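According to Swiss-Prot:
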BINDING   11, 12, 13, 14, 15, 16, 17, 18, 37, 127  ATP binding site
DISULFID  102-200  disulfide bond
ACT_SITE  102  active site, nucleophile
SITE      128  site 'Interaction with tRNA'
ACT_SITE  200  active site, cysteine persulfide intermediate
SITE      345  site 'Interaction with tRNA'
REGION    361-383  region 'Disordered'
């Protein structure tokens, strides 16, 4: 069904996706206003894609489409509601997902309120590859984008459910190739601009070097599974479960295997980083995960519900069983052990194409009971 014309504020980032989202809304007859959100104050000249370049691209798109464009600075909100939380998580030895927090607190809270208050907008739109629909209770539902390689519903699992009625995702029914072709056909001035990569406030910069501006290095031992020290780390905050690159350790002359090393866990008491050899080492496998209070975007499923889950973006959905715990927490037991399920990241649940919501992983329960109980990133608690 074609939607009647509405006043829609589009978040124009300067990228191709948001540009095509605006293009489609204009062609559908809506009154479209572009809004460029500045969410990070540049503090150096190292970024390959500076805010000035992004603004220039967004303005060029708006002029090409004949729509007005405004700017808003949410940097203070972003720092308080996203970045400071990320720092707190990193200092605790966990691995946060700032993009999920940004969508929850900035893009689909601050942005939506700003659009309503300043422009009396009926809705906001972004270039996310996701869709909306109706759940069984008649309330709004978040659905996967049809392109599995670009589906971004994982990053939207923390969005306030009540906001979904006022959100439009014009690209949800498209593939990236279709969007690129449409941008080229419409002669959008940024049709060949590369996709952005990296964490939103870091961009293409080295993660460890950037974060050392805010978190003091705290060196400690790198230990093997049998407790031998084979190197030194610069601080537990700068490593994540399953990480291979940047460890500064090569082969071990005292072992038969030349397999690469991976981070398997952290012992905060000893300030020790544990590593193992082999991509699929048993210490990297989790039988289940527990979360902090879960954020539901749908009616709460029954105890024992069979669902699918992701513990990272672009992961193949994994089957398992849901259990409810005290305080709105959940436990999800996987049918097959999952590699590098990481505290601080999000468990996102799905019922077929519907995203049911997400929760921050606080414990990954190892499939291998021989993993040391002291490791901060995993628990040997029976689930």
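Keep in mind that glycine also has a Cβ here, set from the backbone N, Cα and C atoms.
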Near residue 128 (site 'Interaction with tRNA'), meaning Cα within 10 Å, which of 13, 15, 17, 102, 345 (recorded positions)?
17
Between the recorded positions 37, 102, the one whose Cβ has the fewest other Cβ atoms within 10 Å is 37
Tell me the coarse DSSP state (helix, strand, coil) of residue 102 (disulfide bond).
helix
Looking at the recorded positions 13, 15, 17, 37, 345, whose Cα is closest in space to that of residue 102 (disulfide bond)?
37
Residue 345 (site 'Interaction with tRNA') and residue 11 (ATP binding site), Cα-Cα, nearest whole angstrom
26
Return one of helix, strand or coil for residue 15 (ATP binding site), based on DSSP.
coil
Identify, in sequence order, the residues in the chain of residue 13 (ATP binding site) that are 6 or more apart from it along the sequence and have a CB within less than 8 Å of its CB; answer 'none' if there are none.
36, 37, 54, 58, 127, 196
Under a three-state reduction of DSSP output, how is residue 345 (site 'Interaction with tRNA') classified: helix, strand, or coil?
strand
Where residue 37 (ATP binding site) sits in the secondary structure, as DSSP reduces it to three classes:
strand
So how many other Cβ atoms are close to residue 345 (site 'Interaction with tRNA'), meaning within 10 Å of its Cβ?
25
With every protein chain in view, what's the tally of Cβ atoms within 10 Å of the Cβ of residue 11 (ATP binding site), excluding that atom itself?
22
